[in-house]
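Colleague: Right, I'll just put the structure down here and ask away after.
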Amino acid sequence: MIEKDIEKVLISKEEILAKSAELGKQLTEEYQGKNPLVVGILKGAVPFMADLTREINTYLELDFMDVSSYGNATVSSGEVKIVKDLDTNVEGRHILIVEDIIDSGRTLAYLVDLFRYRKAASVKIVTLLDKPEGRVVDIKADYVGFDVPNEFVVGYGLDYAETYRNLPYIGVLKPEVYESN
């Protein structure tokens, strides 16, 4: 069982769902009548995006990007790479980027600049988790679920080497799991 690799549970499934509902209400007010393009960052944001968008009670569209600065590492490489771009033209659209976690901030800073370059009407960020201690660029989310300490967290979409995404909570991975690789 994969739970044996988890040092402790930081945020329960119930806490995540309650926060998704709370953020959904705020986003409903923010985007009423704006038909936002909600952009999920693959693969990690998928569980949060699914729960969050079910709580947003206004017209919206969904699209996805696969953008990475990690690979299989535990520390950002610093180089942002688009693996899959949007299928939707963002010009004149209100963009809401949905992210699982903001750590270094490089990926989101890159995306905000990219969407502005592509002439989006507005660009805002909602993240399930924020790790301010990991930040290397000056970027802040407009909506944050939870602040987390500078520990290696997995679950609810967040992974280590493509595993642990299916855990229904946010947990701290035992250091011996990633230090042995």
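Even glycines carry a Cβ here, placed using N, Cα and C.
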Colleague: Of the residues Lys131, Lys140, only one is listed by Swiss-Prot in the GMP site with Phe152, Val153, Asp159. Which is it?
Modeller: Lys131
Colleague: Out of Arg135, Arg165, which one does Swiss-Prot list together with Lys43, Gly44 for diphosphate?
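Modeller: Given Lys43, Gly44 bind diphosphate in Swiss-Prot, the matching entry from Arg135, Arg165 is Arg165.
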Colleague: So which other residues, same chain and not among Lys43, Gly44, Arg165, have a Cβ within 8 Å of the centroid of the Cβ atoms at the diphosphate site?
Modeller: Leu42, Ala45, Val46, Pro47, Asp100, Gly157, Leu158, Asp159, Glu162
Colleague: Using C-alpha positions only, work out which of the recorded positions Lys43, Glu99, Asp100, Asp103, Arg165 is nearest to Asp159 (GMP binding site).
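Modeller: Given the candidates Lys43, Glu99, Asp100, Asp103, Arg165, the nearest one is Arg165.
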Colleague: List the other residues in this chain whose Cβ sits within 8 Å of the Cβ centroid of the GMP site residues Lys131, Phe152, Val153, Asp159, in sequence order.
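Modeller: The answer, listed by sequence position, is Ile101, Asp103, Leu129, Val148, Glu151, Val154, Leu158, Tyr160, Val172, Leu173.
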Colleague: What is the interatomic distance between the Cα atoms of Gly44 (diphosphate binding site) and Asp103 (active site, proton acceptor), given in whole Å?
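Modeller: The Cα atom of Gly44 (diphosphate binding site) is 13 Å away from the Cα atom of Asp103 (active site, proton acceptor).
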